[in-house]
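K.L.:
Sharing the feature lines straight out of Swiss-Prot:
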type     : residues      : note
DISULFID : Cys47-Cys95   : disulfide bond
DISULFID : Cys52-Cys99   : disulfide bond
DOMAIN   : 119-212       : domain 'Ig-like C2-type 2'
DISULFID : Cys137-Cys195 : disulfide bond
DOMAIN   : 223-309       : domain 'Ig-like C2-type 3'
DISULFID : Cys246-Cys291 : disulfide bond
DOMAIN   : 312-393       : domain 'Ig-like C2-type 4'
DISULFID : Cys335-Cys383 : disulfide bond
DOMAIN   : 408-506       : domain 'Ig-like C2-type 5'
DOMAIN   : 511-595       : domain 'Ig-like C2-type 6'
DISULFID : Cys534-Cys579 : disulfide bond
TRANSMEM : 699-720       : transmembrane segment
TOPO_DOM : 721-739       : topological domain 'Cytoplasmic'
Amino acid sequence: MPVKMVAVLGASTVLWILFAVSQAFKIEISPEYKTIAQIGDSMALTCSTTGCESPLFSWRTQIDSPLNAKVRTEGSKSVLTMEPVSFENEHSYLCTATCGSGKLERSIHVDIYSFPKDPEIQFSGPLEVGKPVTVKCLAPDIYPVYRLEIDLFKGDQLMNRQEFSSEEMTKSLETKSLEVTFTPVIEDIGKALVCRAKLHIDQIDSTLKERETVKELQVYISPRNTTISVHPSTRLQEGGAVTMTCSSEGLPAPEIFWGRKLDNEVLQLLSGNATLTLIAMRMEDSGVYVCEGVNLIGRDKAEVELVVQEKPFIVDISPGSQVAAQVGDSVVLTCAAIGCDSPSFSWRTQTDSPLNGVVRNEGAKSTLVLSSVGFEDEHSYLCAVTCLQRTLEKRTQVEVYSFPEDPVIKMSGPLVHGRPVTVNCTVPNVYPFDHLEIELLKGETTLMKKYFLEEMGIKSLETKILETTFIPTIEDTGKSLVCLARLHSGEMESEPKQRQSVQPLYVNVAPKETTIWVSPSPILEEGSPVNLTCSSDGIPAPKILWSRQLNNGELQPLSENTTLTFMSTKRDDSGIYVCEGINEAGISRKSVELIIQVSPKDIQLTVFPSKSVKEGDTVIISCTCGNVPETWIILKKKAKTGDMVLKSVDGSYTIRQAQLQDAGIYECESKTEVGSQLRSLTLDVKGKEHNKDYFSPELLALYCASSLVIPAIGMIVYFARKANMKGSYSLVEAQKSKV
């Protein structure tokens with residue numbers, strides 16, 4: 001056989017063997033090895049095979065007990081269903097699968113347990129503060145009991161724990177309990193009582209392994225401290241009314257019940273409200289009244305005795321024993337008879353003066369109306385009431401007063417810091433003014449107080465004034481000036497009649513610390529801008545006024561802005577500028593001098609008598625600057641060895657008896673703070689003539705020089721004019737240009 005054919009057959013054989021192995025007969029069971037089921041639930045065990053198309057299945061227990069289950073086989077799968085699970089199902093189950101001559105087995109152990117319900121909490125009675133109570137935690141229908149643990153918590157506190165591991169193993173459902181006795185306190189209200197049961201079996205799902213019951217504690221307090229309040233009194237007049245209020249402490253809040261004790265000690269129920277009101281009382285309503293507080297766990301009661309007395313005959317007059325009446329008002333005096341059905345009334349004054357009023361009688365009342373009360377109505381009035389054979393009198397005093405308006409505050413002028421001011425408080429149309437008191441306050445400080453007790457009490461309306469002087473300060477701003485008028489009425493009223501006026505204080509402060517800022521400087525070059533800024537302190541804020549001081553001392557107003565601005569200054573703007581801070585309290589003034597400096601212009605350099613003089617002549621060289629009076633004039637004589645500054649007086653320099661060496665170039669420099677300007681001229685000094693026919697070498701040299709000077713002078717004049725146009729001139733520059 002060829003080698004290739006052998007290789008192919010060998011490979012085919014190997015593949016067939018591998019395929020046969022992969023299709024081998026196998027058995028599986030689920031759940032694997034071990035499982036657990038709760039009594040009463042349904043449990044299914046599944047046995048399945050692979051590698052066999054039509055296996056045969058059989059189920060049995062390891063000890064050949066009855067299955068207590070149903071078997072359902074379908075194809076390569078067989079299901080053993082226990083429904084419901086019971087103690088008889090706690091076995092090792094074997095599944096046998098047969099395929100031809102092959103036979104396979106798998107076993108699984110089934111454990112059972114019972115933990116069907118949450119634990120129960122039971123109390124021996126209601127939870128009453130201070131009284132012991134037993135709480136029981138029940139775990140019903142437990143199996144196996146020896147794996148049970150019960151915990152009892154109050155809030156976060158563990159009260160007790162019990163493990164039942166020492167219990168004997170019996171195949172039955174048992175109910176186990178844990179008991180704890182404790183004394184409730186008020187702080188237990190709202191806490192949770194937790195009964196927690198745990199069954200320590202590993203295979204149980206964590207949610208089934210532990211069960212708990214939570215019960216919020218409701219703590220009770222039996223009724224106590226039951227009290228009764230009675231208004232107006234326990235002793236009452238016939239026809240009167242009484243209100244009795246009962247309160248009782250407890251938890252839950254006690255219900256209130258009112259009753260009355262009868263002669264046989266039986267309680268007659270009257271009301272289920274906390275308040276019991278009795279009206280139009282009669283003498284037979286006297287007796288003992290009982291209030292009882294009742295809640296779920298107890299009751300508590302309190303008693304009060306009411307005594308109803310026979311109604312007496314009483315006379316009452318209103319508004320009272322003393323009445324204050326303002327002049328012009330109306331007064332109504334009412335006299336009432338209490339305890340008499342048909343009284344008769346009469347009115348009179350204590351001095352038997354005319355009544356000046358209208359009397360009206362109606363039933364048990366009589367009124368005296370005094371219209372538009374005047375001084376003549378100031379009396380004691382008596383009301384006499386006759387009932388059967390008995391007569392009673394009641395007196396009232398009518399006192400007349402006048403106090404119609406609030407006081408008026410006036411000041412002698414505006415309030416200025418540090419300046420005395422007089423203030424007066426006027427109270428108009430007062431009576432009786434000998435009972436008047438006026439007080440003047442600044443803030444909480446009394447400036448002055450006066451009683452008018454020493455003045456004669458005459459029956460007339462008068463106006464009274466309190467006057468004082470004080471010095472305001474800035475600290476008074478925001479305070480109030482209060483004029484307080486009190487009219488004391490003796491015993492007529494507990495408090496005097498009072499009126500007041502309030503005036504807020506606003507203290508002015510005269511302008512001060514007026515300050516001027518000049519930017520950039522008070523000394524400026526003509527054409528420069530400048531800002532003059534002024535500030536002044538005061539209350540109210542001062543108004544700023546800028547003025548310029550004229551030569552005669554008068555002020556010329558310029559602006560009311562804080563800043564005075566010159567965009568381009570001129571020489572005429574130089575002068576004294578005045579800033580005034582002005583408000584109602586005064587004026588503060590500050591001044592500054594503005595100096596506008598001008599560059600030198602129109603400089604003139606002259607020589608007298610001429611630019612060409614003879615030896616021995618007197619020569620005056622003068623330099624003036626027409627546009628700027630305050631300028632420095634410097635005269636110099638130019639020389640190769642250096643310029644020589646000449647001692648000039650007011651810009652003039654005098655050469656007496658001129659010499660040949662005085663000839664040369666003279667320069668004038670005009671200087672100010674902001675600039676300078678130059679001018680120059682040439683002085684020619686000629687020697688004295690001795691012989692007309694003699695032509696000395698010196699004269700020859702002078703002649704030659706003069707022939708050069710004339711063109712030079714022309715050039716100097718040209719450049720001088722050009723320099724005047726620019727504002728400066730340099731002879732040296734001119735000569736350089738010439739060369």
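Note: Cβ is positioned from N, Cα and C throughout, glycine not excepted.
Could you place these features in context, so I can see how deep they sit and what lies close by?
P.N.:
Cys47 (disulfide bond) falls within a strand segment according to DSSP.
Its Cβ taken as reference, Cys52 (disulfide bond) is surrounded by 19 other Cβ atoms within 10 Å in the chains shown. The DSSP secondary structure for Cys52 (disulfide bond) is coil.
A 10 Å cutoff on Cβ-Cβ distances gives Cys195 (disulfide bond) a total of 26 other Cβ atoms nearby, all chains included.
Spatially close to Cys246 (disulfide bond) yet at least six residues away along the chain are Thr226, Thr227, Ile228, Ile256, Trp258, Ala274, Thr275, Leu276, Cys291, Gly293, Ala302, judged by Cβ distances under 8 angstroms.
The Cβ of Cys383 (disulfide bond) lies under 8 Å from the Cβ of Val315, Ile317, Leu333, Cys335, Phe345, Ser346, Trp347, Ser366, Leu368, Glu393, Lys394, Arg395, Thr396, each of these being in the same chain and 6 or more residues away along the sequence.
Across the domain 'Ig-like C2-type 5' (408-506), DSSP classifies residues as 6 helix, 56 strand, 37 coil.
In sequence order, Thr514, Ile516, Leu532, Cys534, Ser536, Ile544, Leu545, Trp546, Arg589, Lys590, Ser591, Val592 constitute the residues six or more apart from Cys579 (disulfide bond) in its chain with CB-CB distances below 8 Å. According to DSSP, Cys579 (disulfide bond) sits within a strand segment.
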K.L.:
Expressed to the nearest Å, what is the distance separating Cys195 (disulfide bond) and Cys47 (disulfide bond) at their Cα atoms?
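P.N.:
Answer for this pair: 42 Å between alpha carbons.
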K.L.:
Nearest of the disulfide-bonded residues to Cys137 (disulfide bond) by CA-CA distance, picking from Cys47, Cys52, Cys99?
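P.N.:
If we rank Cys47, Cys52, Cys99 by Cα distance to Cys137 (disulfide bond), first place goes to Cys47.
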K.L.:
Give the sequence-ordered list of residues that share a chain with Cys47 (disulfide bond), lie 6 or more positions from it, and have CB atoms under 8 Å from its CB.
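P.N.:
Looking at Cβ-Cβ distances below 8 Å from Cys47 (disulfide bond), excluding near sequence neighbours, one finds Ile27, Glu28, Ile29, Phe57, Trp59, Lys77, Ser78, Val79, Leu80, Cys95, Ala97, Arg106.
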K.L.:
Over the domain 'Ig-like C2-type 2' (119-212), what is the model's average pLDDT?
P.N.:
90
K.L.:
Counting by DSSP, what is the helix, strand and coil composition of the domain 'Ig-like C2-type 3' (223-309)?
P.N.:
3 helix, 59 strand, 25 coil
K.L.:
Can you check which residues sit near Cys99 (disulfide bond), meaning Cβ under 8 Å from its Cβ, same chain, 6 or more apart in sequence, and list them in order?
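P.N.:
For Cys99 (disulfide bond), the qualifying residues are Phe25, Thr49, Gly51, Cys52, Ser54, Pro55, Leu56.
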K.L.:
Please give me the CB contact count at 10 A for Cys137 (disulfide bond), counting all chains in the structure.
P.N.:
27
